[in-house]
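Feature list (source: TrEMBL):
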- 1-16: compositional bias 'Basic residues' (COMPBIAS)
- 1-38: region 'Disordered' (REGION)
- 17-33: compositional bias 'Basic and acidic residues' (COMPBIAS)
- Glu135, Glu216: Mg(2+) binding site (BINDING)
- 161-195: region 'Disordered' (REGION)
Amino acid sequence: MSSGRPRHRGGRHGNSRHGDGGERRPPEPKPEPAADDTPVTAMFRGFASQLDSKHDLYERLVKKSRDVTIESKRIIFMLHRVTSEEQDRQVLEEAAGRFRQLEGGTLRQIAEELAGHDPYLYLRAISPGLQEYIEALSFYHYLLNDRVISCAEVQQRLTYPGGSAEPASGAEPSTTAGEPPPPAETGPGEGEVGDPLRLPLPYHEYVLGLADLTGELMRRCISSVSSGQLEECWRLCALLRTIHEGFVNIGGLTKVENACYQLKVRGEEIPRHMLADVFSAADDYGAHDDYAAD
């Protein structure tokens, strides 16, 4: 039977669910948000702005480099149409005009974008376009002058005088085929309007462009056989042998540079009678290359 007393559900802890006598803990104060005008916040906001500007510039250069690649490929395809002496003049003149448009247009825009910046920070963005441009220009230069264009000549075409809309070497063609004239010598009082705008051309980009040229020369040789120009095959073979010899010598140059590096860095800590052993050990790294295997 029930005694008439109300039954409590508190169990051992009484009628409080929290076990603290029915008192609730006050809420902990929330931390105040950091002020937006502190020096540290302003510094990181500046970092974010710099990174955004760098990424935007990188993307613009990638797009312009893609345009250079497309136009250079089109010029190469056009140059392969040269199959007879009658077509040489017309095709080479058209190629010269398209090179002037490319150098005074997209390539100049790339130079303007890089003005005031370290070009090596954005080299990966423009490298494909530069190499394709060098491939097309060197192929055109070979068809015109029967020789390979030098790195200094390419750099001259990518140098623009201040305030001019055309490249320094992109004046009217000096030959019937549209080859631009060599750069004019300027005196001490000339060209002082401003520093010339320049698209830097790293030497290794020039070398990689020449490496791509060998494929176009091979195609030129095959097409010369089909068109009956057999003498052209022998000239192309001699040129490719010269290019191959230059690339092979790069390996020897690398070994000499490694030896000089070891001599400069470790020459003071290694006795002189042990330097030869150190150099020979460094040379063993290249003992398993393709040429040694043959």
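Even glycines carry a Cβ here, placed using N, Cα and C.
Curation plays no part in TrEMBL annotations; they are all automatic predictions.
The Cβ of Glu135 (Mg(2+) binding site) lies under 8 Å from the Cβ of Ser72, Ile76, Gly209, Leu210, Asp212, Leu213, Glu216, each of these being in the same chain and 6 or more residues away along the sequence.
Other Cβ atoms within 10 Å of the Cβ of Glu216 (Mg(2+) binding site) number 18 in total over all chains.
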